[in-house]
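Annotated features, as they stand in Swiss-Prot:
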type	residues	note
ACT_SITE	E157	active site
BINDING	C113, H156, H160	Fe cation binding site
Amino acid sequence: MFLMKDIVRDGDPVLRQEAADVTFPLSEEDQQLAKDLMEYLVVSQDPEQCKKYGLRAGVGLAAPQVGVSKKMASVLVPPVEEDGKSPFTDVIINPVIISESVQAGALTEGEGCLSVDKDVPGFVPRHDRITLRYYDVNGEKHQVRLKNYPAIVCQHEIDHLHGTLFYDHINKDQPFSRDDDMIMIE
């Protein structure tokens, strides 16, 4: 399992690189990477385990964040509905956003990142809806439509695979500026 000491911090060149495509079938090393990325999220979202291991809670973790420049990320969006189901959970490999809404969305609280220790205030404009194509750990192709928070989380993680950090999207002169029609997500 990854610990906070394993998370690469802002300033490390791997966070600014274009990650390499992952080949199938997955090597044992890539299978372990996928397992460890998801395990971090599962453990970090359990308050007792998070405290025990000194983790910061996360909803996404990309391979470059642990020093591996490959197009792989884990996403575990916590349940918001009473049924207890996550709106999106998977290890996404070689993900591509194949369509996106014109409608922009942003989190009211801004975004954070396990690789960025400082608070960077401001709205991070993203697409409110996306269609995502990716492969899972078994090499099966998936295409899913996501909106609101799950769409934002996936865009954040995919940015990591292309050497982009969330604060690159913030308007430097007016960090809290937004279009009138931007959807603000709690």
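Using N, Cα and C of the backbone, Cβ positions are placed for all residues, glycine too.
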H160 (Fe cation binding site): secondary structure state under DSSP, collapsed to three categories: helix
Env. residues of Fe cation site, Cβ within 8 Å of mean position of C113, H156, H160 Cβ: G60, A62, Q65, E111, L114, S115, E157, D159, L165, F166
Inter-residue Cα distance where the pair is C113 (Fe cation binding site) and the residue listed as 'active site', in Å: 10
Set of same-chain residues at least 6 away whose C-beta sits under 8 angstroms from H156 (Fe cation binding site): G60, E111, C113, V124, R126, F166
Residues satisfying Cβ distance under 8 Å from H160 (Fe cation binding site), sequence separation of at least 6: L15, A19, A62, P64, Q65, A73, S115
E157 (active site): tally of other CB atoms within 10 A of its CB: 24
Cβ packing number for C113 (Fe cation binding site), 10 Å threshold: 25
